[in-house]
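Lifted from TrEMBL, the feature list:
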{"type": "DOMAIN", "residues": "31-158", "note": "domain 'Tripartite ATP-independent periplasmic transporters DctQ component'"}
{"type": "TRANSMEM", "residues": "15-36", "note": "transmembrane segment"}
{"type": "TRANSMEM", "residues": "48-70", "note": "transmembrane segment"}
{"type": "TRANSMEM", "residues": "91-115", "note": "transmembrane segment"}
{"type": "TRANSMEM", "residues": "135-161", "note": "transmembrane segment"}
Amino acid sequence: MARILTTIAATGDKLAAASAALTTAVMWALAALILYDVVMRTLNVPVLWAAEISVYAMIALAFLGAGATQNADGHFRVTFVRDLSPPRWRLAFDLVAAAMTLLLAVLFTLGAFYAVSFSYSLGFKTSTLLQIPVWILQSFVLLGGIFLSLAALQELVMLAVHGRRETAGPRPESDEEETA
């Protein structure tokens with residue numbers, strides 16, 4: 001069982017790194033595209049498709065980075081009640097929150113899958129200059145949902161097995177002081 005959980009944790013870390021790398025690549029591509037657009041406009045040769053692709057890239061950034069952000073504990077949390085609770089209750093709150101995050105991420109991912117499948121089967125395209133197939137754009141949402149679901153699963157496993165989110169290192173100071 002420990003081997004399976006270690007594999008889940010290692011796979012989650014690798015996927016979070018892939019998610020972060022992909023998000024970083026999209027960010028650099030977006031910056032290059034904007035720079036290209038600015039240079040071309042300065043030369044009085046506007047690029048009509050640059051704004052459209054920029055919007056799609058920003059949407060991709062929002063979804064592709066969700067898993068890496070979850071893995072880095074970067075999403076906001078409302079922890080007022082949790083922080084006032086004893087350490088055992090904190091773990092219970094964290095487990096419930098992680099389970100709910102996983103449930104919502106999986107439901108979100110399923111919804112994205114159905115949207116991609118629907119758009120693909122009907123051949124929907126954007127009603128813009130480039131007429132990009134909608135399923136390609138929705139695939140960023142689906143991929144982000146997969147990354148988020150796997151990161152949420154990893155968090156739930158780490159909490160259940162180790163009693164904390166990370167696999168190594170000390171617990172936060174506030175938890176150590178109260179448990180000692």
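Glycine is no exception: its Cβ is also placed from the backbone N, Cα and C atoms.
Bear in mind that TrEMBL entries carry predicted annotations, made automatically and left uncurated.
Keep in mind that this is a model prediction, so the values were computed, not measured.
Through the fold, the transmembrane segment (48-70) approaches residues 15-17, 19-20, 22-23, 26-27, 29-30, 33-34, 36-37, 40, 101, 126, 128-130, 132, 137, 140-141, 143-152, 155 of its own chain, all at least 6 residues removed from its boundaries and within a Cβ separation under 8 Å. Break the domain 'Tripartite ATP-independent periplasmic transporters DctQ component' (31-158) down by DSSP state and the numbers are 99 helix, 2 strand, 27 coil. This prediction places the mean pLDDT of the domain 'Tripartite ATP-independent periplasmic transporters DctQ component' (31-158) at 92.
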